[in-house]
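First up is the structure itself, then whatever we jot down about it.
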């Protein structure tokens, strides 16, 4: 059985907060940290919208959630490294609040729900910090911009504010079964939503109609939060990588690019599909789709523990160059085109990024100042560890803003046939994105959303 394939059974257990805390503590100790120290984290505060009394949308701090599994706002936690004791502090009952919101979770209920050793109320935080047995001779680890003014670390010998954040970011890369199960569930729900959009596409009159279809399918499956703002781009709008207007009329455009994914218990899915709105590709759009699908198949098949992501990104460019040469859009020697980075005009972004609690998850070590334009926007660099989850999202785009400077450059334009290119502007862009778990000897694709040509066209035409 694949890892966490039985995700519903896995999710009957508790989020592994203590295992995460121990892993973070081990990282700190391995870097020379205090084995008798205490880790301290705060949840996000519930805030009001500016200039009114309505609550702003709440998003839990991921650093706090990773060591607690708790989505309650205004909470705190401590983890005592030597004793491996994890304590959660949640807001106490406030009678005025009960009138409006009902009774909050009690410490007893929290102890039952979360993977913690004890639960106190937020009134006890400072007293607990001062009473920790080893505090006078030990170190408190915290994230400086995430410590409330009323919190005091006065009883600790050392205050360390640099190690905790990178420790958590590093540990988040390698996923537990529970985390993989959450990502699988998010992918299952998002797949149902993508399929609903495909079925509704042929009669849609506006991009926003299809965005609404996606959101409805997620919410009715109790996935009320999106991992990011959906991209619903018809025709040439798909040439804009992060097009988010989602409000243009749909008339004679051939393709729709849908980049959308829901979130389940703070874990993201990130899926892109491009398909013909009426169920039939044009000659040009089909040719580009086949290139991108080939790019993705080859890159996914290259994945396993230890593979260098930069090299897989290069592979995507080489497959794109081969395909664009066959179509006549590019001309000349494939190796020269690769070396001179001409393919970046058509594939300007990175092949993918780590996925987890954030859509662009931590630990990727990107270099946005890289002088090599092929790698500047590659959000993950270096080798991929086992149990990391990476998005594989190759694309080919016809963006005038990006391509036209190449056509004005005497050295670069000789590799592009403008007369052939002219036929492809209306394609806009094609991107196909899956969420892939890296295993010791290969991979597991967590995204079951249809993408093969026959599968998507049959689905669209079935309505």
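Glycine is treated like the rest: Cβ placed from N, Cα and C.
The Mn(2+) 2 binding site annotation in Swiss-Prot covers 259, 270, 433, and the record cites similarity to another entry as its basis. Over all protein chains present, the Cβ of residue 270 (Mn(2+) 2 binding site) has 28 other Cβ atoms lying within 10 Å.
Same-chain residues at least 6 positions away in sequence with a Cβ under 8 Å from that of residue 393 (Mn(2+) 1 binding site) are, in sequence order, 270, 272, 296, 351, 352, 431, 432, 433, 434. Under DSSP, residue 393 (Mn(2+) 1 binding site) is assigned to coil, being neither helix nor strand in the three-state scheme. If you look up Swiss-Prot, you'll see 270, 393, 433 marked as Mn(2+) 1 binding site, on the strength of similarity to another entry.
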Secondary structure of residue 433 (Mn(2+) 2 binding site) (DSSP, helix/strand/coil): strand
Secondary structure of residue 259 (Mn(2+) 2 binding site) (DSSP, helix/strand/coil): strand
Number of Cβ atoms other than its own within 10 Å, given for residue 433 (Mn(2+) 2 binding site): 23
Shell list (Mn(2+) 1; ref centroid = CB of 270, 393, 433; cutoff 8 A): 259, 271, 272, 352, 391, 392, 431, 434, 435
Shell of the Mn(2+) 2 site beyond 259, 270, 433, same chain only (C-beta within 8 angstroms of their C-beta centre): 260, 261, 271, 272, 391, 393, 431
Tertiary neighbours of residue 259 (Mn(2+) 2 binding site) (same chain, Cβ under 8 Å, six or more apart): 230, 231, 233, 270, 271, 272, 431, 433
